[in-house]
Amino acid sequence: VYLLKVMGDGIRYLLISVREPSSLLFCKCKKVSLSLGSVHEIPITCGVQDYGFFNVTMQFNFTSEQTGKFHIGRFVQAVANTELAQQLCPSEPYQPYQAKLHKPQFRSIEDGFPPNNTSFIDLEQKPLDQYKYPSNLKDLIVCLNEGNTHNDGTSDKIAHLQSSLEAPLQFGNYSEKFCLLLHLEEIQMEVDIHRYDMQNVSMFTDKYNKKLLVLKAPGVAENRPSVLKGDHLFVIPAEGQPKYNVPFYKGYVHAVELDQVKLGFSEKLLNKFVNNMKFDVEFTFNRLPLRLQHRAVILAQKSQLSHLLFPCFSYKKSLLSPNQELCLYNPNLNNNAEQKEAVRQVVAGTSRPAPYLIFGPPGTGKTVTMVEAIKQVLRCIEGAHVLACAPSNSASDLLCQHLMKHVNPRNIYRMNASNRGYHTIPEDIKPVCNWDEAQSCHVFPRKEKLQSYKVIITTLVTAGRLASADFPQGHFSHVFIDESGHAVEPESLIAISGILDMMDPKTNVNGGQLVLAGDPKQLGPILRSPLAVQHGLGLSLLERLMCFNPLYQKTNEKYNPQFVTMLLRNYRSHEDILRFSNEKFYDGKLLECGDHLITHSYCYWNELPKAKFPIIFHGVCGEDQQEGRSPSFFNTAEISVLMDYLKKLLLENQGKKGIKTLPKEIGVISPYRKQVEKIRQAINMKLKDLMNINELKVGSVEEFQGQERRVVLISTVRSSSNYFGMDEEFNLGFLNNPKRLNVSLTRAKALLIIIGNPTTLSKDPYWNEFLKYCKRNQAWKGYKHSEVEDELPIAALSALNINDQPAGKERTAVLKATFNC
């Protein structure tokens, strides 16, 4: 009998004569003779030290005169659970995505009724084409992926498709290539959205409005799928339908409330509807952003924006005199040479027609720098008109809030999309927004009215309305895009094409300045199509210029300040929290400049394994779990450990002055939506009576980009059940992303706590380096993982073929013991 790969100090096993197997990787036990029909018991004792799921494998070697040698393997698992973990266990068995709905070839669509118009539009609008993908593109992609070719001309089309994808991006193929990539992305979006289609589900009449039907759709609250007011979906009665000309009822979304969607259907459906009537549901997505991106890349090529998109020179014409000093609105920038340099270069405009880039690593004041540059442009350049954009509403709102501190509100216009809820707009910027109190809707005034504002602030998608309005040539002298690394290049083009004219020394001497701010080392765009990502759609305009354009490359380890400034002073994090990302992603250039009263406030916390080093890696041997129809993962063992830390932070006095941590000072990050949901559930169960506990933010990495907290806890979730290295599939989709790791580790000011399975994390090279960083600095707690795996148990396990399809249930039996802590 062999005991293979005893896992760490979290749990100890005693197997027959082996007294301390926890210090061994391979244990051989005495031989036993078995006669036919006899039973031999093998006692196993377990001593639990940590929460989690602990696994070992036992190999039984048999020798028989008739059959010779053969092996049988058995898994042994011990589970150390808390009461909380049991309460958070799957509420129902996991149900994989349902089979695709049978979609009749011939369908008739019965239109529903949309919500009341939430906007009043005076702004001129050019017709926007549909830009639908070619009908044969799906089949060509399948053939390309499978390597199939035909003799009917398909092979030539596949060859052309492959050639178009592999061709380097240049101005000559700019619109052709990006339109193709956008088509690939849309096809994948269609595939993905239909994974959420539902079968045989019931609806009921809304008790507040009898004209609306309510559909329960688990996951819409977490955008799985994304459903917004004004969107639509299709339903068909689940039974008794004809084979041809099946009626599809189009329902418009009037409201989304948690996991419920309120829908407006036609009278034809309402007249026959009874509560709990069964339907099949088909989801759709909003194509408007895709259509705007298609138009933007085509318009960019028609408008000859080559020197803006593929810059190779500068006119070197400055709008500032050599000795002209800038009087900064934000006096703090006077002490930061890089920020001052970036502001001066933007105002001077010497990069034009090339864009100016502000490379802002975490905590270096990128947005503050951009806002100061906008204010100085308005002060120093006569006739300047600025369009300031960001990919999201929250980032655009932040720009607006900063600008309102020194720019006359009468010169600022925050243009929101028509489907944005008024309640989601921050109170302090509502006076400058396009909301009309009298009409209770968003308004889009005529361009003559918009031309009177010095600064217009929108998201990138909403900027498409300005491109449709045909403003006078050169009206917008400057376009600023914050967080530009988050947007695919065609999305950034929405705010450029048809809006910004290139600088010309004769006809547009004061304009044509594009400013991009962001960090190519942090999270980029979120895309669906691996094929589109592979061929360049995953690169933002910012990242493409910094990686591939010579003007933005380093010379002698320095950037050319005429085209790009890298901000170096980090005002956020303790130096030990910053150090790993600084060395791995920023060549060690960042300087720790934070307020030590904040950044060092947890250096003597009792829970730190090592004083003055405010990082904890807590190893947890958890288990991946799923429930219901949600594909997302959660890990109750990690939640148990996380809640222990939260209680110590929130309920116990910290530091020499005995101060408790406030909920608003804590952020909890997890990559999986279901883990976020379960953590919120645990907080509501155990800490709901704590004052202002709703200010403790729990969210995904994407939700925390651009944000910071005094204390950050990270739950990594994934904990592969196979610890033996036999299968390379470790499901590291979240982890195998250096940018996501960088964002996660750089949100904390004073204390960083990471909870995860080191065996799984170590398979990723960046995470493995971070684990080594924690070990070197004695910042490790919980389950420990050996860095060097013994080859002997791996070889022995490989001989078992235990991952093959089992011959019967008893062959793969798991001996499982559960302990409540």
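The backbone N, Cα and C atoms fix where each Cβ goes, glycine too.
No curator has checked TrEMBL annotations; they are predicted automatically.
Taken from TrEMBL, the feature domain 'Helicase MOV-10 Ig-like' applies to 31-79. Residues annotated as domain 'Helicase MOV-10 helical' in TrEMBL: 128-195. Per TrEMBL, the feature domain 'Helicase MOV-10-like beta-barrel' maps to 196-283. Taken from TrEMBL, the feature domain 'DNA2/NAM7 helicase helicase' covers 336-433, 444-529. For 549-758, the entry in TrEMBL reads domain 'DNA2/NAM7 helicase-like C-terminal'.
By the Cβ criterion (distance under 8 Å, sequence gap of 6 or more), the domain 'DNA2/NAM7 helicase helicase' (336-433) is not counted as touching the domain 'Helicase MOV-10 helical' (128-195), fewer than 3 such pairs being found. Secondary structure of the domain 'DNA2/NAM7 helicase helicase' (336-433), assigned with DSSP and counted as helix (H, G, I), strand (E, B) and coil, comes to 50 helix, 13 strand, 35 coil. Counting Cβ pairs closer than 8 Å and at least 6 residues apart in sequence, the domain 'DNA2/NAM7 helicase-like C-terminal' (549-758) and the domain 'Helicase MOV-10-like beta-barrel' (196-283) reach three or more and so form a contact. Among the listed stretches 31-79, 128-195, 196-283, the one sharing the most Cβ pairs under 8 Å with the domain 'DNA2/NAM7 helicase helicase' (444-529) is 128-195. Averaged over the domain 'DNA2/NAM7 helicase helicase' (444-529), the predicted model has a pLDDT of 96. Taking DSSP states H, G and I as helix and E and B as strand, the domain 'Helicase MOV-10 Ig-like' (31-79) has 0 helix, 30 strand, 19 coil.
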